[in-house]
Amino acid sequence: MAIRYELIKTCKQSGARLGRLHTPHGVIETPIFMPVGTQATVKAMTPEELKDMNAQIILSNTYHLYLRPGHKLIEKAGGLHKFMNWDRPILTDSGGFQVFSLGPLRKIREEGVEFRSHLDGSKHFISPEIAVEIQNSLGSDIMMAFDECAPYPADYDYVKNSLERTTRWAKRCKDAHKNTDQQALFGIIQGGMYKDLRKQSAEEIIGLDFPGYSVGGLSVGEPKDIMYDVLEYTTPLMPKDKPRYLMGVGSPDDLIEGVIRGIDMFDCVLPSRIGRNGTAMTSRGKVVIKNASHTESFEPLDTECGCYTCKNYSKAYLRHLFKANEILGLRLLTNHNLHFLLNLMEEVRQAIREDRLLDYRKDFFEKYGYNL
Ligand code: PRF
Ligand code: ZN
């Protein structure tokens with residue numbers, strides 16, 4: 001077995017889980033946020049900078065690396081860890097979600113998905129077997145099954161067909177995956193916003209016995225209260241002795257609400273993407289750095305933050321960098337936002353240790369507000 005999940009304790013106040021995930025590239029403390037490095041780089045950050053902010057695991061994408069530079073090239077380079085100079089754990093998403101985001105550029109068949117590259121329009125085909133083969137070449141610690149993420153809204157029959165195909169594909173992924181000692185393959189639960197379909201998917205996927213499970217198909221445009229409700233229904237159906245991953249979720253409020261509902265792992269492009277656009281997440285809500293109100297603010301982005309950016313630079317300077325289109329500005333905001341979310345998860349872990357996560361949530365929202 002490539003990975004082992006150790007449940008250390010559950011928070012007496014909230015039921016949230018504190019754990020450790022042992023992987024071939026080291027131990028991850030959970031709950032954890034995973035910065036996204038779609039193209040074998042967390043945009044604008046070096047691996048040293050990621051380590052300085054205590055990133056324990058990053059996520060990368062099968063679809064993008066298959067198209068460019070090609071998984072065979074990365075295999076030749078000695079695998080994704082070596083290629084990108086990152087020696088801590090890596091999780092790769094299967095490409096399912098990315099291919100389905102292509103809209104009219106793709107065609108779903110039982111065998112797999114035919115699509116055109118977003119780069120040059122060339123024709124490609126990814127099946128469950130091919131998604132596994134690509135991720136085997138990349139050498140990620142955790143691989144994801146090839147699934148279909150139904151859009152929101154979608155009608156009942158569509159979601160039912162789609163989750164049943166996702167189960168058949170999950171089985172094919174499992175059969176195609178051979179080196180289970182070095183790489184763990186996670187199953188993905190779908191079922192849209194329909195509880196009985198979530199139950200069906202959970203039972204089918206868990207029945208296939210994967211070393212970890214994710215909840216897919218959420219945070220696809222539905223209102224937050226629906227997402228929390230579906231999540232709250234789904235996590236109790238999942239085994240307690242395996243890690244649980246909520247895919248594509250990463251706003252501060254969703255991380256806290258997800259952990260309270262029993263989730264251990266999260267990933268999202270949000271902190272890095274909005275950072276490059278000049279928006280910072282802070283303990284007092286979001287800061288849009290180009291706003292005129294920051295022109296003469298010689299304070300850091302967040303007086304409570306210990307990141308490199310906040311220790312060394314003022315909002316006035318960061319605003320200047322963004323107004324002048326200087327590349328350092330987006331590096332500094334990316335660094336701050338990722339540090340902010342990683343630190344938030346460290347605080348969440350500490351609150352679980354001390355059985356006070358509901359108190360922590362209350363304090364957090366009182367300061368932070370609900371503006372992201
Ligand atoms: N499936 C996969 N990747 C994903 C998702 C999914 O449903 C989501 C949904 N939020 C994000 N990333 N394979
Ligand atoms: Zn900071």
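Numbers here mean position along the shown chain, with the first residue as 1.
Using N, Cα and C of the backbone, Cβ positions are placed for all residues, glycine too.
Note: TrEMBL annotation is automatic and uncurated.
When HIS124, HIS177, HIS336 are compared with the Zn(2+) site residues CYS305, CYS307, CYS310 in TrEMBL, the one appearing in that site is HIS336.
Per TrEMBL, the substrate site holds ASP93, SER94, GLY95, GLY96, PHE97, GLN190, GLY217; the candidate it also names there, chosen from ASP52, ASP147, ASP253, ASP254, is ASP147. Checking TrEMBL for region 'RNA binding' across the ranges 178-184, 248-254 points to 248-254.
Cβ neighbour counts within 10 Å, taken over all protein chains shown, single out GLY217 as the most crowded of the binding-site residues GLY95, GLY96, GLY217. The Cα of CYS305 (Zn(2+) binding site) lies closest to that of ASP93, out of the recorded positions ASP93, SER94, GLY96, GLN190, GLY217. Cα-Cα distance from ASP147 (substrate binding site) to ASP267 (active site, nucleophile): 17 Å (rounded to the nearest whole number). ASP147 (substrate binding site) falls within neither a helix nor a strand when secondary structure is assigned with DSSP, and so counts as coil. Taken as a whole, the domain 'tRNA-guanine(15) transglycosylase-like' (14-368) shows an average pLDDT of 97 in this prediction. Neighbouring residues of the recorded Zn(2+) site, listed in sequence order and excluding CYS305, CYS307, CYS310, HIS336, comprise PRO300, LEU301, ASP302, GLY306, TYR308, THR309, LYS311, ASN335, HIS339, PHE340 (Cβ within 8 Å of the Cβ centroid). DSSP gives HIS336 (Zn(2+) binding site) a helix state.
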